[in-house]
Amino acid sequence: EAGEECDCGTPENPCCDAATCKLRPGAQCADGLCCDQCRFMKKGTVCRVARGDWNDDTCTGQSADCPRNGLYG
């Protein structure tokens, strides 16, 4: 929702302050295929294994999202 940096529905999330819906100090992310222990995963880390003729999707190192690369192998 507007103004939220993370989903504050789960108080046990170590990356997100459940009271403010803001990332905790030092956290880059709270969830996502490219988020590990509150930090963005390294660029090139496989976040979605290829199916068929497609290449693996990899993290950018700048976001918790796992972008589709859309390239054939």
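Keep in mind that glycine also has a Cβ here, set from the backbone N, Cα and C atoms.
Marked as disulfide bond by Swiss-Prot: Cys6-Cys21 (among others). Annotation for Cys21 (disulfide bond): same-chain Cβ neighbours under 8 Å, separated by at least 6 residues, are Glu1, Gly3, Glu4, Glu5, Cys6, Asp7, Cys8.
The feature disulfide bond is assigned by Swiss-Prot to Cys8-Cys16 (among others). All chains included, 25 other C-beta atoms sit within 10 angstroms of the C-beta of Cys16 (disulfide bond).
Here Swiss-Prot flags Cys15-Cys38 (among others) as disulfide bond. Neighbour count (other Cβ atoms within 10 Å of the Cβ, all protein chains): 19 for Cys15 (disulfide bond).
What Swiss-Prot records for Cys29-Cys35 (among others) is disulfide bond, and it gives similarity to another entry as the kind of evidence. Taking all protein chains in view, 22 other C-beta atoms sit within 10 angstroms of the C-beta of Cys35 (disulfide bond).
The disulfide bond annotation in Swiss-Prot covers Cys34-Cys59 (among others) and rests on similarity to another entry. With a cut-off of 8 Å between CB atoms and residues at least 6 apart in sequence, the same chain places Leu33, Cys34, Phe40, Met41, Lys42, Lys43, Gly44, Thr45, Cys47, Cys66 near Cys59 (disulfide bond), listed in sequence order. DSSP gives Cys59 (disulfide bond) a coil state; it is part of no helix or strand.
Every protein chain considered, the tally of other Cβ atoms within 10 Å of the Cβ of Cys66 (disulfide bond) stands at 19. In the three-state DSSP assignment, the secondary structure recorded for Cys66 (disulfide bond) is coil. The disulfide bond annotation in Swiss-Prot covers Cys47-Cys66 (among others).
Per DSSP, the domain 'Disintegrin' (1-73) is made up of 0 helix, 15 strand, 58 coil. Look at Swiss-Prot and you will find 1-73 tagged as domain 'Disintegrin', backed by sequence analysis.
Proximity of Cys38 (disulfide bond) to non-local residues of its own chain (separation of 6 or more, Cβ distance below 8 Å) is seen for Pro14, Cys15, Leu23, Arg24, Gly26, Ala27, Gln28, Cys29, Ala30, given in sequence order. Neighbour counts of Cβ atoms within 10 Å were compared for the disulfide-bonded residues Cys6, Cys29, Cys34, Cys47, and the top value is held by Cys34. Of all the Cβ atoms in the protein chains shown, 17 others lie within 10 Å of the Cβ of Cys8 (disulfide bond).
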